[in-house]
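Encoded as structure tokens, the structure appears first; notes follow it.
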Amino acid sequence: MSITIDTSVDIDLPTPPQSNGSQKRNLLLAPPSVAAHEEKLRDVFSTFDRSSTDLQMLDRLSAGFVSLPPNTYDLVLVLTDAQSDEAVRLLTRDVYTALVPAMKAGARLQLQQGSLGASEGLEAILAGLVEKDGGFEKPVQEAAVPLKLGGRKKKDKTNGVNGVQNGVATNGASTNGVGMFDPAQNNDDELIDEDALLSDDDLKRPLPRPQNCVPETAKKRRRPCKDCTCGLASQLEEEDRAREAKAAQDLNILKLNTDDLNDELDFTVQGKTSSCNSCSLGDAFRCSSCPYIGLPPFKPGEEVKIMNDMVQL
């Protein structure tokens, strides 16, 4: 009698389909002007696979009514209408704020036709995208590499009895060269009192003081201290008062009273007269028979000659 063992599987369950993690996903952003024409959307979906493509409205995304899954899309295509620039106008900062986190590293954003202007491109750059080949890409973040800082090597354990380290006696041995400086070992250093460095003779020695508060630079004016007790402040005040009094005295030399301004000023030389004794020196010539009539007064010592009834100065 022979026994045969059946090793076949009695229940054959179907293998679940494995999801292709490398499949790229696309996001189509349509303005209301494009979404109103069904034939345009049908033409777009004939190019993209419907199973890996999502369609969202730009106005709803701008208003915050739609939330996008993070780090999902490899391509973001903004549908445009040749008759209107509504799609470009709807690409505001709020749209980029919701759109950029949903893009994978290296994902691309572009228009169906044309390219973004300067202002729209600036908003994309401020959102973290990089301009490349007429579109914008999300840069790949490089992984941070940790740096290992070199520390001090741990010392091998030594025997406290004979001072043996790895079979070699280390008692009394020293390492030649310059060792590493460890700030942790200097935490217990005591501060030195500066007064302890002075002897008794140094403490008894009087401090040198400048005589009469004379500054080092003679060109600068001497300035007293705030609480001056050496008399320099009072001396400077007296000098200032004397200087002000002298300046006021110099001004009073040419000072005229109100009554003096109303009187006629006399510019003649007192005690001296002309040859005819009719007018004094410095006065105008008024006599009808005077040969100098009508002329200004002569200067002292000026030689005057009369030739052909003409005065020659």
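Count begins at 1; order follows the chain as displayed.
Glycine too: its Cβ is placed from the backbone N, Cα and C atoms.
Taken from Swiss-Prot, the feature [2Fe-2S] cluster binding site covers C213, C225, C228, C230. If you look up Swiss-Prot, you'll see C276, C279, C287, C290 marked as [4Fe-4S] cluster binding site, on the strength of sequence analysis. Per Swiss-Prot, compositional bias 'Polar residues' is recorded for 159-177. If you look up Swiss-Prot, you'll see 1-25, 151-187 marked as region 'Disordered'. As annotated by Swiss-Prot, region 'N-terminal SAM-like domain' applies to 20-145. Residues or ranges marked as region 'Linker' in Swiss-Prot: 146-203. Sequence annotations record features per position, and here Swiss-Prot assigns region 'Fe-S binding site A' to 213-230 based on sequence analysis. Under the heading region 'Fe-S binding site B', Swiss-Prot lists 276-290, citing sequence analysis as support. The motif 'Cx2C motif 2' annotation in Swiss-Prot covers 287-290, and the record cites sequence analysis as its basis.
Helix, strand and coil counts from DSSP across the motif 'Cx2C motif 2' (287-290) read 0 helix, 0 strand, 4 coil.
With DSSP classes pooled into helix, strand and coil, the tally for the region 'N-terminal SAM-like domain' (20-145) is 44 helix, 33 strand, 49 coil. Over all protein chains present, the Cβ of C290 ([4Fe-4S] cluster binding site) has 15 other Cβ atoms lying within 10 Å. C225 ([2Fe-2S] cluster binding site) counts 10 other C-beta atoms within 10 Å of its own C-beta, drawing on all protein chains shown. Taking the Cα atom of each, C287 ([4Fe-4S] cluster binding site) and C228 ([2Fe-2S] cluster binding site) are about 74 angstrom apart. In the structure as shown, the Cβ atom of C287 ([4Fe-4S] cluster binding site) sits within 10 Å of 12 other Cβ atoms.
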